[in-house]
Amino acid sequence: MEDQREALRKIITTLAMKNEETQTFIYSLKQMLLNVEANSAKVQEDLEAEFQSLTSVLEELKESMLMKIKQDRASRTYELQNQLAACTRALESSEELLETANQTLQASDSEDFSQAAKEIKDGITMAPAFRLSLKAKVSDNMSHLMVDFAQERQMLQALKFLPVPSAPTIDLAESLVSDNCVTLVWHMPDEDSKIDHYVLEYRKTNFEGPPRLKEDHPWMVVEGIRQTEHTLTGLKFDMKYMNIRVKACNKAVAGEFSEPVTLETPAFMFRLDGSTSHQNLRVEDLSAEWDAMGGKVQDIKAREKEGKGRTASPVNSPARGTPSPKRMSSGRGGRDRFTAESYTVLGDTLIDGGEHYWEVRFEPDSKAFGLGVAYRSLGRFEQLGKTAASWCLHANNWLQASFTAKHANKVKVLDSPVPDCLGVHCDFHQGLLSFYNARTKQLLHTFKAKFTQPLLPAFTVWCGSFQVTTGLQVPSAVRCLQKRGSATSSSNTSLT
């Protein structure tokens, strides 16, 4: 009995679920019926409006062409009537002269005859009939106003509802990835004059193959494209690839997307490695700020943790409050934090080949800052540019302003104002490290060296801050300058 009740309960549950599904489907069908009525009324209204527009155009054309016929008829009628009136008057004058001549011919008085004959002769000379052109000024042919609308009639008879546009085909051979821009070119398989615009979608990915159904990044949409090409500008290439697809749209409907393509977007990505930074630097992923209390705060926390319960003396420098190298050993390859007066932080990604580019913006009020590259082996007490393990540009705004290139404790003064944003270009295999004004791409300095170890981006700042921009491709202007100036570089050989 209990088993039967349980079975009946299951049946009731199943029926209730099915009833709910059916009710939902019924509601959906009713909504679809309403939508059919509304959408039908909408497209019918649009169709009537389009035909009314065509009718209006035809009526306007008809009135315009009828007016042309009327104007031509009036002009020709006016000319012919004037010519007819002139000829009629000439004929009447000629007939009068003819009658006078006949009467004179029958006269018997010789003296009267001679006088009349002379007058008739003079009258004939001045007669209008002899000065008139007996050729009509205009033609009665109106064939130039004939029409043949057979072709237009066929076009009207071919009117139909808008077809769904075909899917475009992306032309990879004509597409280009350069200067953090992507230029995409596509074409339509069939000529379609009804296409109103195109929609382009793109998203970043780290997967090389065909686009996957699920990605961490959503599709970004660009609408209203009128041509069969488009350039995406101002991109940050923080992932290895980009998926792109395009669809065509007419006034009514959008077609299917093209086959998606995957374009490689090579660029140098790194973050600041906080485990290497001086304690007086507050480091985030791509920015750092000098903090006079940073080392002291760390020292206080360390001492409190050890139970010593006393703070560092206010007169102590940040370097004096820094724990020993053994205690500050970093988890990244045994790299210790920089200390003493080396207010330095390194990037977290090695450069062991190829070309790379990044930009750095320093706070204008920074008292001193530097940027460049260094070997991982750069000592924790060593400042950028003062050993053979690092190359940098250094700006000093404290007491006496200076802008210099430094390597192996050798200095070259640069005859250039300090830009608000600096670009760094490293060509590892060519042994070139170049610095540019990031805005104008003016070359500031180039180091020539033979790099014997992988490099790390390196930065230093005192009483200031900086922001790094990564995910950048080597700009075309920089590549051109490097090729053009490879033989006559601005580098100082004494700094290599």
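Cβ coordinates come from backbone N, Cα and C, glycine included.
Listed in Swiss-Prot:
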COILED    4-99  coiled coil
DOMAIN    105-162  domain 'COS'
DOMAIN    164-268  domain 'Fibronectin type-III'
DOMAIN    290-477  domain 'B30.2/SPRY'
MOD_RES   R310  omega-N-methylarginine
MOD_RES   R320  omega-N-methylarginine
Can you give the mean pLDDT for the domain 'Fibronectin type-III' (164-268), rounded to a whole number?
92
What are the helix, strand and coil residue counts for the domain 'COS' (105-162) according to DSSP?
31 helix, 0 strand, 27 coil
Quick one: DSSP breakdown of the domain 'Fibronectin type-III' (164-268) into helix, strand and coil?
0 helix, 46 strand, 59 coil
